[in-house]
């Protein structure tokens, strides 16, 4: 069961009989988020038109084909001109792009598609690059080729010599040192009459270098191959599907063996224009395409053109290396230590230095010393964000900062560091052992120097982060909406190094860079084996290494094999691709499809190309089965929950295949034992283990769901009236008030797309129109029983607008709204009564069949154009909204804790003795001014004390009816058992200072010195709190009972009883403690859950410091079972279950779960130790969530409980002022 949290707003409006609308469970209008769409959905006026018979041999068509289509479009009343004639580029696609100057109709695409000889039409859409670069001027010793075994091929002189790779991208820096002589040519398709391949974006240069770079420190996958560049970008980080189509077709026309495309959009439909054309090119050529960088969206978020059939779609794996640089620390004692350091962004520190380096007593977030810009500091890495370390070192004046690792944070790049200081020239991280060595030298009174050489060679080493070598968080998940495999393979693409224009290098991440890696592997195969697209793809997928399911947020491996929807066949293994003599001859992947179209039985064909017969044992390995969607059928976002069920192979087999022979193997897979509509996305591999030590694998994937019934809308869109005066959504026809769309006032229609849909539209129909009348394409009419037209949105933020219908929708989970201004053809909406009609075409649906659409119609409402009357509208009409739509208020009850102590004025009696704590000092000053002095728990109105060492507050109340002379004092004596009482604070009054506070620890008198404010005010009342606590020694000696703390004042001794009681083991108990630790303080939070709250299936505690600068200390965090309790019900002996219960513990996150039932007086205790990032802060907060899954199926949520550590005593008042009064 998942946690659901939200706020249900409900406010009754006195003047109306209708309550404001609130979103029901699963409603779209959970917040007012306006739908924002890429400009592709705005009226661009440019369209790609495909003509019939576009398939066939790759020959150019007659360029006059454009003239014919322009004439036909013009006959419809549009002004059209041809912008690109794709038929003249390649015979693969017979079509053109046209620009329509009077594009004022939502039906342009449908109109064009209706023309004789037109096969399809799409709007031209922009595509934006989703990458960024960290740039440096130095080269790096970068070798990502070990994990992929490409390095082994290089050792065998397999380097791609003579093979060309055609790259469709942003251009290339042909003079880059790593690419000199590698660029064979190219075409500038973006700029007419230009042959320049200039890359002012950097993307194409980076991509090219991954394939073919070669210099002393940096080698591409195929360093002896060559690049042919098809430039489809200008100097912006965006292009269009039109330009990418042009680039792919040009590469196809030039007979490229390998086409590499690191561009795409999230329209992951097999029939989108780019996917369609890529599918056709893939019939004859190898086309390698980036899978996308939208991993956060979870399963079913493929991209285009990667959704094309037969293409090689590529996912990303994080680099296994960190780029380090060498330095030496020299001790005056004669020893030296060679170290490797990592700069914050991976860039080389390109200077020679020999400077003193000091070991700081603080940490990088709290530098204790100071220095000059000619001095370096070596400091323990603190737990604050990297920017905090940078600021601390820079503010201390040092010119160089080396951080040695701590708390297992890893020597790795530090993100989000902005170098604002002119004096701090280097901030870097090294390993923890460097700090230990330096401390030994300093202990012997030796001094240290840091030496760095500008021309030093890089020192790459294994990345010290959990994500190294794992699947990238950002890599997009498949399958496609049509259930095709995507991605089919993965390669290094996360935190990788490559060339950047102007002779520079950069670090970047994205499937954009995993794609050229596979293109480079293909170049190796084509150059040294054979130019066989089909065999290469089959070898690629059948020899890949399956990677584990890695959840990057927690840095934890969840299962042995990740879903193939995320990784495809896995990480490319180039050596096996070349060396295996067992070759797959059948399909490279197996799609089992959905439950409506299930194909369980497949035939796998293999060939033994070796010289001896081989025995194969056929078995199966299941990948992780993930829950692809939630109860409302919205896809689960990253990381989707795992399901403990998997597919299975009907039976294992053993076969013998003679040398040179082929063999067909029929296999049958069975679905996991789950409900057929569960949304379980299951995958795995059929394994063929040969006696020749080769393990061939065929990946498969299936889904337990009906794609046809997995509709885009989980219910009809919701239309409301938004009242901007009170911020409330009301029923659509609230009070019968008319809308004025032409003036910017229209209903808000909310929707979200939980799955793909080929077409979605927001239309207007007459008040008497019924969904039974719908036919496609809808025919325009007039009157109350007619379909009146699709709408055009109100202007978007960029000034554009969006016309309905929308096609090839990108799904999204957050309900968003659109408003409309006119009909989609730009015609104003006349006065009248209307309904909003929304429609969505199911996947695999036939648009001509009404049953394949989701059809929804709203309540009626009125529109008025200017002052035109509304036909048939009664000005006194009121809503007939049924009362069942009234808002419902839901109240959630939290789990009680020990802080939930009832307030009572009755006499209190607790077990134990009564002890009086007296004060011996004699108070002075005004008499009778104090009206109350009492002790209570910090920020809680109770005198019950459960933890005697915890902070308390002394609540002071004062009354002075008449003016008092300035410099008068009020004093009270404090018993010796009370310490750390807040003092030194000013007592404020309205617009003035009422007095000051001070405490003398020798006389133990607390003094309130009054100011001039008291001389001109009367009826003065003071009301404030002073933090204090028992001394540690006394707190440790306390037993259950009543402690009467006396505070003598002039004329009266005030008694403040404190009741020290045993821990209440019927509720959750929280305890805070602080102790010295590692040069700072350790703040320990304990949360104890008694067995009496069960029986339970599990208890989980989750807490995080990701939103602050503090961090957890895993060595001081634990989970234990308290078995015996002392007289105060505190845990006396326990069993440590930390190892089995802790799910995640790192410097920023802690999560633990205990899934055994406790009995009797047993207590489950979670202990979390924290340290401060910024030690100047007065507080440290631990915010935790506690989930108790009871055995009866109830999930009790104890959310957002904040435990606040106070470092210093402070004064608190109910409001800003401690005193109030009246002018005398």
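Using the three backbone atoms N, Cα and C, a Cβ is placed for every residue, glycine included.
Taken from TrEMBL, the feature signal peptide applies to 1-23.
For 160-544, the entry in TrEMBL reads domain 'Peptidase S8/S53'.
Contacts of residue 169 (active site, charge relay system) defined by a Cβ separation under 8 A and a same-chain sequence distance of 6+ are given as 199, 203, 204, 207, 208, 229, 230, 231, 232, 233, 260, 261, 262, 263, in order along the sequence. Per TrEMBL, the feature active site, charge relay system maps to 169 (among others).
Secondary structure from DSSP puts residue 203 (active site, charge relay system) in a helix. The annotation active site, charge relay system is assigned in TrEMBL to 203 (among others).
All chains included, 30 other C-beta atoms sit within 10 angstroms of the C-beta of residue 512 (active site, charge relay system). Marked as active site, charge relay system by TrEMBL: 512 (among others).
Feature annotation from TrEMBL assigns domain 'C5a peptidase/Subtilisin-like protease SBT2-like Fn3-like' to 591-700.
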- Other than its own, how many Cβ atoms are within 10 Å of the Cβ belonging to residue 203 (active site, charge relay system)? 26
- By the DSSP assignment reduced to helix, strand and coil, which category contains residue 169 (active site, charge relay system)? strand
- If you run through the domain 'C5a peptidase/Subtilisin-like protease SBT2-like Fn3-like' (591-700) with DSSP, how many residues end up as helix, strand and coil? 0 helix, 60 strand, 50 coil
- Note on the structure: Three-class DSSP assignment, residue 512 (active site, charge relay system), comes back as helix
